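Asks: Take a look at what TrEMBL says about it:
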type	residues	note
DOMAIN	C:52-110	domain 'Nitrite/Sulfite reductase ferredoxin-like'
DOMAIN	C:119-273	domain 'Nitrite/sulphite reductase 4Fe-4S'
DOMAIN	C:351-402	domain 'Nitrite/Sulfite reductase ferredoxin-like'
DOMAIN	C:412-549	domain 'Nitrite/sulphite reductase 4Fe-4S'
């Protein structure tokens, strides 16, 4: 299990609770941390959000973007705990992960910090309201919304 | 013969391994036999080439002729724009 | 024409800086080719047979004179003096250097252009009707909706690693000039019974190895839910589109496997959820965008009279111009499918869609002087000057003649769509361009008699040359190391979209030219009244063609 290299949760440390697979989660009523694989339905967690402190969304291959939808779905449903992206993650994905609601990144191989910093600052503004990133889209800025 | 081709990383130009370095001319290609894999690994690691691979070719009176039409087009240029070919003698027939 | 504000400019500039940094990391070695490849693809940069190839976006096919001029300058400065206009209304350059690409993108950004998402598994450049804003048969100009979608789809963080590429097209007339139903999402702007404007969504069309005509998924999406509904369509696809087999990864397969009803149900569910989130730009944003597409200052009271005493000019007017919504104006099509007659009478056809840097600049100048500074790129690989005064047509034609751009063959058998094929493309199995040239040369003298005949050639099953949608389609395949060409008949894009059927065993290069000629002879022998090739084929069926070609 890779370590969390980036954590965007003010004043917090990465959650260390042991994670269980989504398939085991419903049965295991003590579990507070869960892992979702790309093919699994993030919405299955919605009834249990209040007992979760960590959801880890895996990216076995960086070309598989299902985890981006999983993250937004959880945030849209009101999940406020740590949302961790793990796996085959490169610096060029960081800002997109962040925009979809991830606030912890655990890449298989640690990323270069200077490169990561550049990548996170690439976009001066954003075109879409993902809602979950707290950023005002350009259309809102244009119309003073 | 087995020859190695790829594209120059920075320029994208089609290149051929001459046994010691990359050449733009297919006729410089060297028969690399079983050594190809090691050359490809080293050259890609050194970022002198992108997407290198081994192809079959034969030595003919006209020079080295890759076995597959795709590689002959790579070697000589688009058959519809042979004015852009590096080989002034290139003709569609020579490519085909 | 849409003009960037400081936000749009900052986004494109940011993209240039990002790609400059990524390119530097690739050349320095901290970014592997495996990781770099999707990044360069999402900036339009492929590694093709001879070099890198850069595909530049022409959003909804519309561009200004200065943008067009820049395309010509890039051809000369960074490429080998020409560019290739594509079936996605874009332009691509065949001889690009990786190390030059950030500078090219910066040059493009200086005229509000880019290569964003012109490749890769993401939402691609949005295409549209090339006659938008100029034709009388449209409900409304579709381009503001396309621009709204362009901004929404640019760098959408959730949809940058889709199962496969995703193509959207927007039209607003019943005459479909953009092959709308052969897109992943085809949108037709429509009016409902209450007289309100909205969007009909056709989802899951496409060509490639499994051609499917998109079914209607939702007949009316209100304009203030356009983005929200699109987002729902994409989210369902991103989550459930197949990722186990890239040949089954397009949304058409998902819609097909789930069934239209189940796919729509899932989209509706997602749509209902997303409607609660406030992700839709306000209508004021659409209104802001619309102001850029207001009609130019047409002169009024112009005459529609034309002096057609010059027969070559008359032929060009008849074939290459279309009715404009404003009296005294015409839509001009510039054919990029020349067939030159040499001194000895032999013919020499050009490469479909290619134009030299000089020709591109000449078209840019013509647009500035005669077409309110606007041009369009068509999916048939031609160029349009959308608003030319009829009084200027003769002058425009003379200048086009001088630039070898006045071939009067729009929608004729010599106006062939052809992908780059094996002459340029690593995916191709056979060459397309030489086949197009041979057919054009053989058939040029008959083109007028044959009339409308859309011939489309792809050099592989990916169907970039739209062979499924050709009245006559040709598909190049590899048969035991040799180029082989299959003949399809009866395809059509447009309001009466249909897919071509393979007639029988394939041919070699000369064989396919002969087979096409025979097919036209069957048509001419059987045609009734004003029937087009396609109409005759639909009436008499495949058999007479089969007999003539294989008999």
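Using the three backbone atoms N, Cα and C, a Cβ is placed for every residue, glycine included.
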Asks: Cβ pairs under 8 Å with the domain 'Nitrite/Sulfite reductase ferredoxin-like' (C:351-402): which stretch of C:52-110, C:119-273, C:412-549 has the most?
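Replies: Against the domain 'Nitrite/Sulfite reductase ferredoxin-like' (C:351-402), the leading stretch is C:52-110.
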Asks: Do you know the mean pLDDT across the domain 'Nitrite/Sulfite reductase ferredoxin-like' (C:351-402)?
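Replies: Reported value for the domain 'Nitrite/Sulfite reductase ferredoxin-like' (C:351-402) is a mean pLDDT of 98.
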Asks: Of the residues in the domain 'Nitrite/Sulfite reductase ferredoxin-like' (C:52-110), how many are helix, strand and coil by DSSP?
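Replies: Secondary-structure composition of the domain 'Nitrite/Sulfite reductase ferredoxin-like' (C:52-110): 29 helix, 19 strand, 11 coil.
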